[in-house]
Amino acid sequence: MSALRSLRVALGSLGRNPVLFLVGLAYGLVMLPQSALQLTGNLFGSLLPFVTFFVAPFFVAGTIGMASESLDGETSLSTLKRVGRNRYVPLLVASFVNVGILIGLAIAGGSIVLLIGLLGFVVGIPLIALVAAGLVGLGIVVVLVFIQFYPVAVSLGDTDAIDSFRQSIRLVRKNLLSTIGYSVINAIAVLIMTLPVSGPMYYRQLQGAQQLQRMQTQGMSPNAVSSQMSQLVQFSTQEVMLLSAISLAAMMLLFTFQQAYATAFYRDHAPPLEDGTTRADVSASGDEPPVSDEASGLDADSGFGDSSTETTESNGGFDTGTDDSTDGQL
């Protein structure tokens, strides 16, 4: 299965380049205040995503650049700075587009469920609403699966912010079964990495729900119930510190793994661009100084399809002249 092959390649690149985990640690430190404030129930924690939203593209693009470079050998933090800076704006724009897609899906899905639910209430079949909600949820998952590779396409310079979504859709359409396998493996990794933090949170919420039922049965006043629930659901300072440390470690591992795996899978399955050209190699190279975007060789005239050359040219921080057989070896 090609998804497993890409997984082995990604894990091998991480083993050769542990510096990638240092970037994951830096990313986790940036996100740590948001996680800690959410654990304390502080409303300010809900505002931090707006701040981290503008910081994340730098780390995502830079880490993908390093991951691509690590597939062919060694990488360094200089690649993080170069690729993160060069691809920051396109990836930020693509992130805004992604948010717009998510909002549109939420509005459309909610409207469909509401209308079908009302119809089911009128005809006396409320189960229709549950079926509709399930189908809408499945549809949203399908859309997310098809567009999930847009950060890699943008970060490696294959496309601009808008075309990255079309590139991702083409990749998934041509490799549907492999993408399903990739998505399942990725979901399992997310579950394993987040369970040490999400588990205690859900357990505490379950305890709170059970306690709420008991207090309501005992006839306690609403004010007393609210006071007791706030004390029960919130974590202590020691618990917040422990869960924050676990969250930092989990975020470091998960972020690094996801970017490395997505990059390996993308390079192994990337389809030709819309103009018919192909990229024989999209790895980031830090051996030579970067050149300007105009000379970066990211278009069809830069000689990506030249499989006869035995050397590589570093254009805009990415290798562009590697033998076409590279992808077949992943």
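Any Cβ shown, glycine's included, is placed from N, Cα and C.
TrEMBL does not curate its annotations; it predicts them automatically.
Taken from TrEMBL, the feature domain 'DUF7847' covers 1-269.
Per TrEMBL, transmembrane segment is recorded for 20-37 (among others).
Look at TrEMBL and you will find 43-67 (among others) tagged as transmembrane segment. Listed by sequence, the residues of this chain that lie at least six past the ends of the transmembrane segment (43-67) yet keep a Cβ under 8 A from its Cβ atoms are 10, 13, 17, 19-20, 23-24, 26-27, 30-31, 33-34, 36-37, 75-77, 79-88, 91-92, 95, 151-152, 154-156, 255-256, 259-260, 262-264, 284, 317-318.
Annotation comment: TrEMBL describes 88-121 (among others) as transmembrane segment.
What TrEMBL records for 127-147 (among others) is transmembrane segment.
What TrEMBL lists as transmembrane segment is 176-197 (among others). Only residues 6 or more beyond the boundaries of the transmembrane segment (176-197), in the same chain, are considered here, and those with a CB under 8 A from a CB of the stretch are 1-4, 6-7, 35, 145, 148, 243, 246-247, 250-251, 253-254, 257-258, 261-262, 265, 269.
The transmembrane segment annotation in TrEMBL covers 240-257 (among others). Sequence-remote contacts of a segment are chain residues at least 6 beyond its ends whose Cβ falls under 8 Å from one of its Cβ atoms, and for the transmembrane segment (240-257) they are 10, 14, 20-21, 23-25, 27-29, 31-32, 35-36, 39-40, 59, 63, 189-190, 193-194, 196-197, 200-201.
The feature region 'Disordered' is assigned by TrEMBL to 276-330.
What TrEMBL records for 305-315 is compositional bias 'Polar residues'.
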